[in-house]
Number of protein chains: 2
Amino acid sequence: MVPASTLVSGSVGTVETRYLDLPDPVRLDCGRDLHPVRVAYETYGTLSPRRDNVVLVCHALSGDAHAAGVSTVRPETGTRDGFGAEDRDGASGQALGWWDGMIGPGKAFDTDRFFVVSTNLLGGCRGTTGPSSTDPATGRPYGSDFPVVTVADMVRTQRAFLDVLGIERLAAVAGGSLGGMQALEWAILYPDQVDSIVVIASTPALHPQGMAWNAIARESIMRDPDWQGGHYYGTGRTPDAGMGVARMVGHVTYLSAPALHEKFGRRLQFADDIRYTITEPEFEVESYLRHQADSFVRRFDANTYLTMSRALTYFDLARQYGDGSLTRALDGVAARTLLITFSSDWLYPPSGSEEIDAALRALGKPSELHLIDAPYGHDCFLLEEQRQTPIVRRFLAAG
Amino acid sequence: MVPASTLVSGSVGTVETRYLDLPDPVRLDCGRDLHPVRVAYETYGTLSPRRDNVVLVCHALSGDAHAAGVSTVRPETGTRDGFGAEDRDGASGQALGWWDGMIGPGKAFDTDRFFVVSTNLLGGCRGTTGPSSTDPATGRPYGSDFPVVTVADMVRTQRAFLDVLGIERLAAVAGGSLGGMQALEWAILYPDQVDSIVVIASTPALHPQGMAWNAIARESIMRDPDWQGGHYYGTGRTPDAGMGVARMVGHVTYLSAPALHEKFGRRLQFADDIRYTITEPEFEVESYLRHQADSFVRRFDANTYLTMSRALTYFDLARQYGDGSLTRALDGVAARTLLITFSSDWLYPPSGSEEIDAALRALGKPSELHLIDAPYGHDCFLLEEQRQTPIVRRFLAAG
């Protein structure tokens, strides 16, 4: 870890993403063995001599290993979903980590106490092996030949990565959205190695409307002729048009209707009146969506989007581990569980966290559920740092 | 009108869409004069000698003139948004009108009493002049040279059409969604000629999230290379890929999350387990969306979709007629107003109708608002016929 900068209060300072090659193939749910697998990661804080202060932080669909601090290597890194996505990129071209508000000295995941580890997920496009990596069988990028991976596959990859670092136990696994799914999966797959999980704005299984939004985003990418069946690398063409639409859909689902109303209303781009155009944005909200799409396609790979979206759609604890029963699926969990959910999150609504809490309680397991009344929808897990911080700090202090 | 068939109880029987060419150009909000303009229409019931029993029924984004009865001419006509879209097409290849449950002998719009008129909207693709019509200036289809039209333009076209039929007054103007917008616009533009309006699942102005969904749908169409800048007619290529995604987005917004949950849950296409595929549907909800997209692109024109979507996004009574005040905009309304809204409609939420009702009441004008508690989202206006019928019948009987 790079020493904390004095420039940013509570910051872990300037950081750099590092890379590690796993020694063994990763066995995947689909039956394939994947090798080689490289993992991009960052760490913040200091590993204790007893190696008992490790917090694994897991990112969501469009995240990466750069969770905290300032990265000067790739200035486009670390923009976040939702409002303020641009705010994290300073004029200097530096980029703050996607959860910088939650990770650092004195923050929710306190780097004065914890050794925080963040990896780019399997299937990613930010340094960890994914569809844009070279397929050893062909010498060319995998493209759509990359295996279809699950959240469990991501977690097994994290497990193998931590093995190399010599870390057996985790004081906590934490994440929002798809990141929360990984925390849950950790608690089930490795019950003896996880002391606690922090599951934010997540669910035991995406509801059908959320599945529909994800399906639409994938369709939009795959219907773009520039997707080329997934083999677009090196062709000079990428499915930016379809990815842009996918991002717009995602973006609206990450926010709430009242948040869009508050931010844009029905304000016109040009104040006086409408200009009778279909091809150009007339309203601020239309212009904003187009901007979000344009900036996203510059930093993200379409096949990784498909991979992540498929994994989070498959994720279903009751189906995977409980023969349809969530309670049965959670029967082996030994970790203490903290659940945080947001009133305006309609993509991962509070009911999902409530189901997990109810199942854990029915099993007599320690679970704590906090519903935060906040207006910004699913993006709250990235934005409501102030209100999450005391909850997370108290939960981790009790560990 | 064709005599009522005895085959279908309460049906107006077999019907045929007719066409009428307007004698004069239509002056549009954008400043252009459009000529020639042909209007596709159907009528049901009998015009009274005093011509005082006319109900104009207005369709929504993807509708057409075939609102009631059985059409044998174009079997693909008249499928409706939402659940049951297919149900209207019998095995015989006949198609029921999109509001057949509401229009007919003894129904909400009772053809034993009223002469019901339904037209395809200006900009449409089902017989009324629209982007796929021939541009007299070039001899080729307008494509994206078709003027950008407003709801007011649609209403002025209906007015001109009714002039030719010799109909001055309307006992009622009725419609859902975009159709409700037309009813409101009628009451403002022609206050002395409208006795009552029936505004269902509509709004005085689409909210920003709804504007966003519409923008995404249009982006999806325009980003499809086969759209070809709007001039795809005669090229052998149509933007089916983008239109399909647009339809999927629309479809999900027409339904409610609980409705999707109830209908599909997380059921897999193949019951046993997942197959690890990104390109093929794995879940029933994914397969359903793809089917909806495929069937829609066969019956609808992309440029008409853009035109309708733009018009309903522009629609804003307070901006158009009230200097930002809805109350001021409605100040001249003389029609009795019936508003029906549905609890689960998140695209055109009850708050929109409540605003209209409050503004009319503040002005001392007769207004009646009914909130129907029903689970199917925006599509309720097409599906909840049984519960709308007594409300509409009583309202019209009081006229």
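Glycine is treated like the rest: Cβ placed from N, Cα and C.
Copied over from TrEMBL, here are the features:
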ACT_SITE  B:S177  active site, nucleophile
ACT_SITE  B:D345  active site
ACT_SITE  B:H378  active site
BINDING   B:R247, B:D379  substrate binding site
DOMAIN    B:87-383  domain 'AB hydrolase-1'
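Separation of the C-alpha atoms of B:S177 (active site, nucleophile) and B:D345 (active site): 11 Å, rounded to the nearest whole number.
B:D345 (active site) sits 4 Å from B:H378 (active site), taking the Cα positions as reference.
Counting in whole angstrom, B:R247 (substrate binding site) lies 15 from B:H378 (active site) by their C-alpha atoms. Averaged across the domain 'AB hydrolase-1' (B:87-383), pLDDT in this predicted model comes to 96.
Around the Cβ of B:H378 (active site), 27 further Cβ atoms fall within 10 Å across all displayed protein chains.
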